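As written in Swiss-Prot, here are the features:
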- Asp220: active site (ACT_SITE)
- 82-96: compositional bias 'Low complexity' (COMPBIAS)
- 364-402: compositional bias 'Low complexity' (COMPBIAS)
- 4-84: domain 'Ubiquitin-like' (DOMAIN)
- 402-442: domain 'UBA' (DOMAIN)
- 82-102: region 'Disordered' (REGION)
- 333-403: region 'Disordered' (REGION)
Amino acid sequence: MPRVTISITAPGTPSDGELLTLELPPGSTVKDLKGFIEAETNLPAASQGIYLNGQPVSQETQTLENVGIRDGEMLAVIVRQNRQQPQQPAASRPAPVGQSDPEAVRQQVLRNPQVQAELRQRDPELLAIMNDADRWREAFASRQNSAQNAERERQNQIALLNEDPFNVEAQRKIEDIIRQERVVENLEKAYNENPEVFVRVHMLYINTEVNGVPVKAFVDSGAQATIMSPDCAERCGIMRLMDTRYAGMARGVGTARILGRVHHAEIKIGGAVMPCAFTVMEGKDVDLLFGLDMLKRYKAKIDLEKNALCFESIEVPFLHESEIPRNLDEAEMNEPTVAGPNGTEIGARSGAVRPAGGSAAVEPSTQAGPSAAGPSSASTPAPAPAQTAPAPSAPGPSTASSFPEEHINQLMSMFGVARQEAIQALEIASGNVDEAASVFLG
């Protein structure tokens, strides 16, 4: 007895999106299959289009075996709507009380602080006018009309595409529409049932001292090395100890230039003084990144329950949000966004929800380069020491270069790097193409 699973696409019906499993008698025809589907879902057999592996099954008198439907097959059924159905105005359908009576909804919002909190996240502009009945009524009606128009447009589009059920391109467009609906539904479900995922998570910082200078360190177990910015190294007075033989390029989300390495300096954490090595790197948004190398060396544990970085004998509390440096937050405010429910914006990297217009959306194409790389991009291991002369003091990058084009093109073709990266490698290697290649080999 063949057993098939059927995915039903029937917009505007209770069966839309359902998965139906049927056990069919041996020798059943395609017409019989449609009859079984109609009996289970009340969807007219004449409106059903059956698809196997994306291809329509149209020979109704053939048996399932003859048209290639075997036991365990997955079928798709797309129901063609009555052509007159899209002409039925949406207003003629009964609407829930909340949609037909804006004042009833307003009173519910006024009485229920929990509803106010939800509305503050979903539609802060509407919440701001809840005490003005006239403005509320106008805004509510505007939102209701927009939703009805969007639904009517969607139904009309599906109806037009369904006029030719055997057009592969039309069915692909219907599939895209349905897929996008599922994405929006999934976003709405997360927004309603798991709103915590849209709250910005603040990074973990601790207070430290390096060479007697206070520094707020970002704790990042995803970074392989402990990293310090050149400005911070200057403030702490350890730039003079930097070994430029360890210069190179770090790769992750974008690239960052490694100026060198300080092999030994003292860092004070929670009253304990610990020897530490620092990789000095440009292009980071933090002064000091306390990486996995030091976390493992001192057997540190990130204890989120205690909100502390725990060593064997001390616990160092993570900084409160108000004490965290603002440069990372400013970078997050300029991150790219995607559209969320009710006009909100959701950060593409952080997942944080903001009111519409709450940030300046940055095109993803502008995010390439070291400054766009998040702290975790520092997890790229520092290159091994160069074999010859130390690197010169960090010259400013430039597209125009005095290096031979042949050398630049050679590095670009060998390692698939951008022109600017090839020039930077040649600058580090004082123009020696072989030493520049060792920068990329790490």
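Cβ from N, Cα, C; glycine included.
Residue environment of the residue listed as 'active site' contains 23 other Cβ atoms, counted within 10 Å of its Cβ in all protein chains.
Across the range of the domain 'UBA' (402-442), the DSSP-based residue counts are 30 helix, 0 strand, 11 coil.
When pLDDT values are averaged over the domain 'UBA' (402-442), the model yields 76. When DSSP labels each residue, the domain 'Ubiquitin-like' (4-84) comes out as 15 helix, 27 strand, 39 coil, counted as helix, strand and coil in that order.
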